[in-house]
């Protein structure tokens, strides 16, 4: 017990022990009854009246000045003083509320308002006056300089400037040119001026230059317009170098309308030609003649993938029959690796670039006989038509041996227009060798009959006869293939792919 009495935490702040008030136990039915509620309200009123009578006895009717407290605090604790003051304030509020109950205006004692409520958020009147005066002076000055009304214009010569002033417009044009990205790089133009004529020309040139740059078909990482080597192609070449297919890629041998040829070396004695097909065939205007209505030629990169694989298959067929052509090595997407035709890293010249004035008639005739043999063997043994044979696609090696290249567009004899393309090849070859002075050349019809073993009339136009022959001798399968060229090309593609595969026990079941 002594410990409990000496414990400061067990005492009240006012020096008295706390006595727990025991609340009376009331049933739930009594709480809901109206009589019980009325009794509680009556008891509260009686207690309030008792407190009011005590206050009246304590203070009486004497008035209290502002310097005096309303109660005698002698012998009272702080809690008793606070309670007495609170009851006094409550009584004053009740009296004021009772007096003003009959009026529509209610008065509340100011002593209950905090000081923050009496302050305002408005700005200082002096600051507002100064700000307004400064604003008026600024507008008055602007009105004097830029007044357009004659009544407001000051006397004497005019000093106002408009946006059409030479100096103002010159500085504005220089600033626009300096900050415009579409025009040429200008460097530091601080303090310079440009007249309207020069500025308009620069802006027009900048717009035309930006439009010209946007006319490129593909982006830089996808397009192969110039060198045919984009990021994907470079990555593929690097992978082949790591695999040991070749050691280095030296440079460009030649460029054409659909591809570019690069030189690759494995050692001092072995070289390869890498043919990279362009992903944009803007220069190959008549490509549709070769691949019209073919489902494989919708996507540009899909086109070049099939185009490279098609040349690989044609070269494989020609090499299988022993025709003079590059030996195919590897193909992937739009990149084809084949043997290099040339000597000591120098590519063999095309017939177009050969200096024929140093050749004799017999040597020229020998070159023609080789070309004629290539055309006949391609038609009869390989069942192919070059479809783009000319002096640009024939190479002459140092030992005067002719090799045929660029057979990506070569087509099978089942193609509906194979004879028409053969006729064009014959015309190109005869025209070229006639121009270089080759003796004893056959006519178009004679060479056509020699290659195809047909009997065309010499006196009539060869192309007309070929078209008529194609119409009259086309079989039912050819008519069906012409109406569905995609199905025909897919069938031939699968047959060639199956024929070029090696011997396998599962070949009959695939």
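Every residue, even glycine, has its Cβ placed from backbone N, Cα and C.
Feature list (source: Swiss-Prot):
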- 388: active site, proton acceptor (ACT_SITE)
- 241, 242, 243, 244, 245, 246, 247, 248, 249, 275: ATP binding site (BINDING)
- 108-118: compositional bias 'Basic and acidic residues' (COMPBIAS)
- 162-179: compositional bias 'Basic and acidic residues' (COMPBIAS)
- 474-499: compositional bias 'Basic and acidic residues' (COMPBIAS)
- 235-510: domain 'Protein kinase' (DOMAIN)
- 100-126: region 'Disordered' (REGION)
- 143-191: region 'Disordered' (REGION)
- 474-510: region 'Disordered' (REGION)
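A map of Swiss-Prot features onto the structure.
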| residue | record | Cβ contacts under 8 Å, 6 or more apart |
| --- | --- | --- |
| 241 | ATP binding site | 247, 248, 249 |
| 243 | ATP binding site | none |
| 245 | ATP binding site | 266, 272, 329, 330, 337 |
| 388 | active site, proton acceptor | 406, 409, 425 |
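Around the Cβ of residue 249 (ATP binding site), the number of neighbouring Cβ atoms within 10 Å comes to 18. Among the record's ATP binders, 241, 242, 243, 244, 245, 246, 247, 248, 249, 275, no two C-alpha atoms are more than 19 Å apart, and one pair sits at exactly that spread.
Its Cβ placed at the centre, residue 247 (ATP binding site) has 11 other Cβ atoms within 10 Å.
In the predicted model, the domain 'Protein kinase' (235-510) shows an average pLDDT of 83. Taking H, G and I as helix, E and B as strand and the rest as coil, DSSP gives the compositional bias 'Basic and acidic residues' (162-179) the counts 14 helix, 0 strand, 4 coil.
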